[in-house]
Amino acid sequence: MHVSVPPLVEVMRGERVSLNCTPSKKPDHFVLEWFLIERSGARRRLASAEQQGSELQLQRTVHDPRGRRPPYQLDPQGSLVLAEAQVGDERDYVCVVTAGAAGTAEATSRLRVFAQPEAAEVLPNTGTLSVMDSAPQIATCSSRNGNPAPQISWYRNGRLLELPTEMNEEGYVTIRTVREASGLLSLSSTLYLRVRKADRTSSFHCVAQYSLPGDRHGRLDSPAFNLTLHYPTEHVHLWVGSPSTTEGWVREGDSVQLLCEGDGSPNPEYTFFRLQDKQEEVLSTNLEGKLTLEGVNRSQSGIYGCRVEDFDAAEDVVLTRTLGVNVSYLDPLELSAGKELSVFLNSSRMAVTCSARAQPAPTLRWTKDSVPLENGPTLSLGPFTFDSAGTYVCEASMPSVPLVSRTQSFRLLVQGSPELRAKELEPKAEGSWTEGDDVELICSARGYPEPELTWSQPGGSPAERAQGGQGWVSSSLTLRVTSTLGREGVSCEASNSHGRLSHVFHFGMVAPQAAQAGVAVMAVAVSVGLLLLVVAAFYCMRRKGRPGCCRRREKGTPAEPETWRLRAPTLSCGHLRSSPVPPAPPSPARLAMSLPSFLCLLARDPLPGLASGRGGGRWVAGRLPSSGSVTLPGPRIAAGPEPRAGLGRGWRVAGRGYFYLLPRAGPPT
């Protein structure tokens, strides 16, 4: 007779367990019994079953439930059933089959019940651990309510710490296991370890490893933690915080911060001082390692130091550090030329110097209108022209100290008589102008004192600064071209206390307007007719004694025409133009002149369309007797702009609109 049972059954706590027991032979009658082996080794019968008759029918009986809830059970096949596995069920169970003559057989089945522990908990030492202590307590890690008891291991920066359980100065662990009332096991592990300075940034944690059915394992990691260490100072550093430069300069007026740091923990006490004549002047003592100098000035340049008050430091450690604080300053610049410098045009060369009190030495450069001129403190000037005038700037900067710079400027005045520039907008060649054309003239001048611009014609605009600078002032004049302007031109003049300069705009021959030309042709025709009348009258006067010549007396002799006489043996038409003009004689009128070789005819009123004196040329009448009288049909005289055969080059306008007949070889007018 043989009995078959599973030798090992593994389940999780709370699962259902069925322990099978199968005999190798099934006689007509046998008894099947389940026993539990106590820890002492004694057997306790739990249940039994008996087969009666030829059919396989078991009579099942539970003898000792041991107070278990729920109690043990036997299924119809004689298997021992545990409805909910508990940690206390973890025993050896024996199945015994008794079959009379067939004999007795038994087999043992071991039941293992697993329970996953709760999350690992770690309690680090929150105090300050000294690196000078031997193996202080670091932390305790606990894993509760597991089965079997878990294993706890320690890690530093992710690396396993392999430590013994025996006490020593470098490090060890202690383990404590507790069985809870539930039968589950709780494990705690305490880590003792000598810490080093490098452990100030180390990360520690513990891991609880537990077993599962089927030779499987689980892992529970605790949260990581850090330690607060006490270690003595080994190095001290002192430096200038912002603002500062790479060369150690600070700007005058800035607030400067000195920073001191020792590598000990916890932070030691820092003492700041300044060396004055090799004596320490204590400035501040604090735990932050900071000293602020508000609004530094140049007198605060010097040697500053910091001392770490750490009595645990080794004797060979240097706990004091010093550095130099250099305060940069730049005073206002001084120019040898002052604010203004006055020179004369074309005067000799001279130099202007720019000086500055500064630390460190600044870089100087000269500019004019943002254009670089020279580098260095000296600016060479001359020979002087008006282009030399302007504002010169000396710029001082410190490449090693950002944002420290100054400027100083002076104004250069170049005194001299004016320069003049004349410009005619929409210019034309001389002789291309027509009466009535509009023209705009511009005169620009420069000099010092600033020149005054005047025009020979009214209407000039006030002088204004010209665009482009360089000291130019400009005035413009807009007018209408006339024949008078054609002869005389228009002038502008620039003047100051050093002299004056003028320019004349010439227009040349000015052509009349088209409508006026037609009137002038008619005037020529009338003038020719008038000339014929003068010749006829002169002829009649020569034949005074002949009856019927040129005139006949009618009955009732009419009044003799009024005779106008101008006696001036040396009078010329040029003189006549500036002489008083008699009033217009009545019509008809007689004009007699004792001019020896020529006759000047005049009209008081200007011709229509020629009131402004437009036109030009001459009209020659020819020679006359030494004396004579001419009767004029009226006060007007006709003229024309075009030459006529036998009459020379035409007519000329003179004076204020009066017209003259001149001899071919007469004096100029």
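Keep in mind that glycine also has a Cβ here, set from the backbone N, Cα and C atoms.
Any TrEMBL annotation is an automated prediction that lacks curation.
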With the ranges 46-72, 262-288, 478-504 to choose from, which does TrEMBL describe as region 'Disordered'?
46-72
What are the helix, strand and coil residue counts for the domain 'Ig-like' (117-226) according to DSSP?
5 helix, 61 strand, 44 coil
Mark yes when the domain 'Ig-like' (117-226) and the domain 'Ig-like' (332-411) have three or more Cβ pairs under 8 Å (sequence separation 6 or more) and no when they do not.
no
The domain 'Ig-like' (418-502): DSSP-derived helix, strand, coil residue counts:
6 helix, 46 strand, 33 coil
